[in-house]
Amino acid sequence: MAEKRNIFLVGPMGAGKSTIGRQLAQQLNMDFIDSDAVIEERTGADISWIFDLEGEDGFRKREERIINELTQMQGIVLSTGGGAVLSKENRNYLSARGIVIYLETTVEKQFQRTQRDKKRPLLQDAENPRQVLEDLAKIRNPLYEEIADITLPTDEQNAKVMVNQIVDLIDNMNGLNGAL
């Protein structure tokens, strides 16, 4: 059997990276890691608190160190934070060390999925969260596209269907009869 390759999920908040990532890892018998959860675990603080204390720049520096470390592991499905692609280094780590899957979603669907979530520091104090999401999409979507090996829209599919599509696409990419 071939050596397992890493799978990295990128995309905006609310695209389904964590939900799909957990199920994908389970189906492929790989470890699931959420980079934001690792940051919270290591700092003992949630992302919102880190943003409040250190600002976005401080958080992004932490995130870059964690993504560098995690992408060097083998056989993982990694869900990244929505802004991880802002760092050129992160984009390089992700694209060089595994298969990058961009889970694409519309701003409208993002808004629906995130409007009651209080753990979204960039939306917490926003007067117009939908406008914030639109502004983020303009900056980040081209960066997701730049590094994506596979792009999948998540608006109309449930997680199980998405996982099966991803497995099929990876199998086709590898030509290894299901071995990653």
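Placement of Cβ uses the backbone N, Cα and C atoms for every residue, glycine included.
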From Gly16, Gly21, Gly82, grab the residue that Swiss-Prot records in the same substrate site as Asp36, Arg60, Arg140.
Gly82
Substrate site residues Asp36, Arg60, Gly82, Arg140: biggest Cα-Cα distance, Å?
17
Which one is it: of the binding-site residues Gly14, Gly16, Ser18, Thr19, whose Cα lies the shortest distance from the Cα of Arg140 (substrate binding site)?
Gly14
Of the binding-site residues listed as Asp36, Arg60, Gly82, the one whose CA lies nearest the CA of Gly14 (ATP binding site):
Gly82
Could you tell me the C-alpha distance between Asp36 (substrate binding site) and Ser18 (ATP binding site) in angstrom, no decimals?
10
Fewest Cβ neighbours within 10 Å, where candidates are the binding-site residues Gly14, Ala15, Lys17, Ser18:
Ser18
My understanding is the cutoff is Cβ-Cβ under 8 Å with a sequence separation of 6 or more in the same chain; which residues meet that for Gly82 (substrate binding site)?
Gly11, Pro12, Met13, Ala15, Leu136, Arg140
